[in-house]
Amino acid sequence: MRHYPVFLDLKGRRVVLAGGGETALAKLRLLTKTEARIEVFAADPVPALQALADEGRIHLHRRGFAAGDAAGAALAYAAADDEAEDRRVAALARADGALVNVVDDLNASDFITPAIVDRDPVVVAIGTEGAAPVLARRIKAELEERLPASLGLLARAGRAFRRAAEALPHGRPRRDFWSDWYDRAGPKALEEGGTAALAPALERTLDDHRHARPRAGHVAFVGAGPGDPDLLTLKARKALDVADVVIHDRLVTPAILELARREAVMIDVGKEGFGASAAQDDIDALIVEHARKGAQVVRLKGGDPTIFGRLDEEIDACDAAGIEWSVVPGITAASAAVAQIGQSLTRRTRNSSVRLLTGHDMKGFAEHDWKALAPPGEVAAIYMGKRAARLVQGRLMMHGADPATPVTVVENASRPDSRTIATTLGRMEPTISDAGLTGPALVLIGLAPRHAAYALDGQDVRIELKEEAAL
Ligand code: SAH
């Protein structure tokens, strides 16, 4: 981030602008909305500039910009539309100590003005550091559509009421009041009675909230999916939007944690797959402790919370404490992994069932019905299977599985650093150990990447995500 976003208080400050044409006018459109003292230097201004001066919205000096003109100014704009003149003005203004913007010249500017969506006092600024003005315009258009024009009115009424709202306790009760105002009570009052209805509606809403029973805590067990934030459900997004506390595993990626409400307390309980059972008790206690205080707790788990997620222990802890809970499903690693290799988990005439196995359980290597998995066509997705690979290989071959059975390992499924390794049961080890996997990895027994199947007679195929299409 080369440009640091700030909102500058221009009330009573001097802002100088050199230029008398359309470019100058365009810059003044936003500047004249501020409470700055705006001084424009132009020897030969267009009539619209003179009109602004006549209305008292700018101070017009009918001469060129000179040394000292930017003394004490907060900002200076070089808007003459003439490179040499703009450069001269920029040098003079900078010498006077002002921050300079040269219109349409990012590199010559100390600051740039973002695209904005104006619902004063709500102002959304969009910047792309000059990299993608088209994108900025598109985002602006989307926001213009999404944010109702009445937002500014509601916010202005709200601003005048902030003191009164302090009657509610700080934190959740006050936030709930404001959410209720902006989401429901405010728009409704405006629609039914116009601006005159806003002040009484604020009083009424405050009164309702002062007499409301304190909100009970709640725990949402939310599936964060395999890592790609686009694979979150809308419900997961909503839960993150309102969370007071987010308790998450190591599997949850930073890009997803970024989506939590900014004020949310983030707690990393750092369990990946299997952890010590004492830690589980601590996690249970932590969840209960926060929910008891009335917090909206999001217990965020990688993939789907109901798959190898120790969900039941945590639900039991909530039940024992009388805390309400809900489960928001997520996309499990097996779904993400097969999507990536273009295969189905089940397929007519090949396999009518699929097994989700864990390579490890609390006692170590997890035993399964290997005999049932040995016949051709059977499909299994092994979670936490990296360390168990040799034992899985041995057990399956012992029960007569064909060494040529395809095996695919997908590391970091759905993430930019994902790797796919296609091998066979016979070569599964040492292939998996040799691969030096560092991220979470899923071992798919009985499935080869769709476009690499032919290569399985030869060597193992390592498919980097981006090359997959080329294979
Ligand atoms: N609840 C999770 C699984 C938790 S167990 C889910 O539904 O996906 C942890 C194991 O899941 C890891 O050891 C790994 O085998 C698998 N896993 C989780 N995320 C993964 C990913 N992005 N890519 C590959 N495997 C993943």
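Placed from the backbone N, Cα and C atoms, the Cβ positions cover glycine too.
Please treat TrEMBL annotations as automatic predictions, because they have not gone through curation.
Pulled from TrEMBL:
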- ASP249: active site, proton acceptor (ACT_SITE)
- LYS271: active site, proton donor (ACT_SITE)
- 150-206: domain 'Sirohaem synthase dimerisation' (DOMAIN)
- 219-427: domain 'Tetrapyrrole methylase' (DOMAIN)
One finds that other Cβ atoms within 10 Å of the Cβ of ASP249 (active site, proton acceptor) number exactly 21
DSSP residue counts for the domain 'Sirohaem synthase dimerisation' (150-206), split into helix, strand and coil | 48 helix, 0 strand, 9 coil
When pLDDT is averaged across the domain 'Sirohaem synthase dimerisation' (150-206), the result is 92
